[in-house]
Amino acid sequence: MAESSASREQWATRLGFILAAVGSAVGLGNIWRFPFQIGQEGGGAFLLIYLLFVVLIGIPVILVEFVIGRRSKQSPVKAFSELGYGNWRYIGGLFVLTGLMIMSFYSVAAGWVLRYTGGSVTGAYFENPEAYFATVSEGTMTIALHGLFIALTAVIVAAGVKRGIELAVKAMIPALAVIMVVLIGYAATLDGAMAGYSWFLSPDLDVLAENWMSILPAAAGQAFFTLSLGMGVMITYASYLGEDRNLAEDSGWIAGLDTLIAVMAGLIIFPVLFAIGATPGDGGPGELFIGVGGAIAEIPGSHIVGFLFFGVVAIGALSSAISILEVLVSYLIDSYGVDRQKATYGMAGLIFLLGVPSAMDLDTLGLIDGITGGFMLPLGVFLLVIFVGWVFPHSDEELSKGLKSGAEGRLPQLWLWYVRTVVLVVVAIVLVFEAYNQLVAFGVIG
């Protein structure tokens, strides 16, 4: 039987929930995808638009997912079926498909990280970073590491919400933060630190004016990707919440901590790149490994720095992968009554098979990343906003639960109006721009 709301697992502590949600948001989106996105789109100009999207769109949409999850106490497909009309379940189906597609390439890239973490100890990639990445990014060993990473993720998810996910993130996220602080301190001592800070933190408005049609959807897609929006993660995690949680407060903490870690990653990566005169954004999806890996090879203490840096990336990747797999597993549990162990390892096997093409061909990985991050996530957010803003009649009522006295009337109504109007229009514009950019990329429009 499907898990009932009354018997559904809940987070043991508020800290566990926040760290799990932050862990979902922190990961390859912040540390792998972020540097090549910001490099390709103009440094500080991209960062400025990205931060605006996080604050003005990201936090309200986190609340959208929280409202659906806590109200339904179900995974996305069941949530939309129960809260809306039957056809709305297809939004949940879109989330499941998006999660499968993201995990299929995400676990491949995470496998690269595992290889580089070990390679830092031996210095395997120090002599020729490009040649080493070519051997790591495609082939039989890549498939094996892809499988290993999925297995690690599955072991944690199979243990459940309290004994698996919550215990894991309580150990991983503090460790990640401490190591990042150490690496920021080290990066600040490098010769290229000030140039890296300037490029990363100073927006070039001329770049923004010339490239705003590409920067806007790219920044939006990055914000949705890194906050785990549009794939059902926050719906699923909120379905394990009690009625007394202050959703508005929690969403602010999650977005704030995620953004802080993204900026911290930039404060590590860009000083290292500028220390050797590298150009950010030249490496595409291989930026982290070719560019940053090559830079680490040339700075003092490269073995230790490399091990710590790629160790941080591995921790972040695992915490994010846990959340995406949980969406897929909860779908099987809630919709079909499948045992958690069987659901977890069954989904892990499917993800492994779907990831083989990305493990064999880097262009396939880049294509799936572009489709999911640039189109499917914004589409999911757009449909979410329509549902909560215009279809589900109790959105503001659900948000009011757990709010501090005096805010329970004004804040939910203001939020609902904002979601219905501003967020909906902005996300629609992003979708149009992204569709235009894709048509140009494929030569349909000259």
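Each residue, glycine too, has its Cβ placed from N, Cα and C.
Small disclaimer: the values here were computed from a predicted structure and weren't measured.
The transmembrane segment annotation in TrEMBL covers 12-32 (among others).
As annotated by TrEMBL, transmembrane segment applies to 44-69 (among others). Tertiary proximity for the transmembrane segment (44-69) is limited to same-chain residues at least six positions away from its ends with a CB under 8 Å from its CB atoms, namely 37-38, 76, 79-80, 83, 199-205, 207-208, 211, 215-216, 218-220, 222-224, 227, 229-230, 232-239, 241, 247-248, 250-252, 254-255, 258-259, 266, 381, 384-385, 387-388, 392, 395, 398-399, 415, 418-419, 422-423, 426-427.
As annotated by TrEMBL, transmembrane segment applies to 90-114 (among others). Same-chain neighbours of the transmembrane segment (90-114): 28, 32, 75-81, 133, 136-137, 142, 144-150, 153, 230-233, 235, 285, 289, 310, 313-314, 317-318, 320-321, 324-325, 327-328, 331, 350-352, 354-355, 357-359, 364-365, 368-369, 371-372, 376-377, 379-380, 383-384, 387, counting only residues six or more beyond its ends whose CB sits under 8 Å from a CB of the stretch.
If one looks beyond the transmembrane segment (143-161) by at least 6 residues along the same chain, the residues whose Cβ comes under 8 Å of a Cβ in the stretch are 9-11, 103, 107-108, 110-112, 114-115, 167-168, 240, 317-318, 321-322, 325-326, 329, 340-341, 344-345, 347-348, 351-352, 355-356, 359-360. Summarising the annotation, TrEMBL assigns transmembrane segment to 143-161 (among others).
Only residues 6 or more beyond the boundaries of the transmembrane segment (173-200), in the same chain, are considered here, and those with a CB under 8 A from a CB of the stretch are 19, 22-23, 26, 38, 43-44, 47, 261, 264-268, 270-277, 280, 299, 301, 305, 308-309, 311-312, 315-316, 319. Per TrEMBL, transmembrane segment is recorded for 173-200 (among others).
Annotation source TrEMBL lists transmembrane segment at 220-241 (among others).
TrEMBL lists 253-276 (among others) with the feature transmembrane segment.
Per TrEMBL, the feature transmembrane segment maps to 307-331 (among others). With a cut-off of 8 Å between Cβ atoms, the residues of this chain six or more beyond the transmembrane segment (307-331) that come close are 20-21, 23-32, 75-78, 92, 95-96, 99-100, 102-103, 106-107, 109-110, 113-114, 116-117, 120-121, 149-150, 152-154, 156-157, 161, 165, 168-169, 172-173, 175-176, 179-180, 182-183, 228, 231-233, 235-237, 239, 261, 268, 288, 292, 296, 340, 343-344, 347-348, 351.
If one looks beyond the transmembrane segment (343-360) by at least 6 residues along the same chain, the residues whose Cβ comes under 8 Å of a Cβ in the stretch are 100-101, 103-105, 107-108, 111, 138-139, 142-143, 146-147, 150-151, 153-154, 157-158, 325, 328-329, 332-333, 368. What TrEMBL lists as transmembrane segment is 343-360 (among others).
As annotated by TrEMBL, transmembrane segment applies to 372-393 (among others).
Look at TrEMBL and you will find 414-433 (among others) tagged as transmembrane segment. For the transmembrane segment (414-433), the residues of the chain that approach it from at least six positions outside its boundaries are 56-57, 60-61, 63-64, 213, 216-217, 220-221, 248, 375, 378-379, 381-382, 385-386, 388-390, 395-396, 399, judged by C-beta separation under 8 angstroms.
Most Cβ pairs under 8 A with the transmembrane segment (220-241) among the ranges 12-32, 253-276, 372-393 are made by 372-393. For the transmembrane segment (253-276), the residues of the chain that approach it from at least six positions outside its boundaries are 18, 21-22, 25-26, 30-31, 34-35, 38, 47, 51, 54-55, 58-59, 62, 176-177, 180-181, 183-184, 187-188, 190-193, 195-197, 199-201, 226-227, 288, 291-292, 294-296, 298-299, 309, 316, judged by C-beta separation under 8 angstroms. Below 8 angstroms of C-beta separation, residues 106, 109-110, 113, 162, 165-166, 169-170, 172-173, 176, 222, 225-228, 233-234, 237, 240-241, 245, 250, 253-255, 257-258, 261-262, 265, 269, 285, 288, 312-313, 316-324 of the same chain, each at least six residues beyond the ends of the transmembrane segment (12-32), sit close to that stretch.
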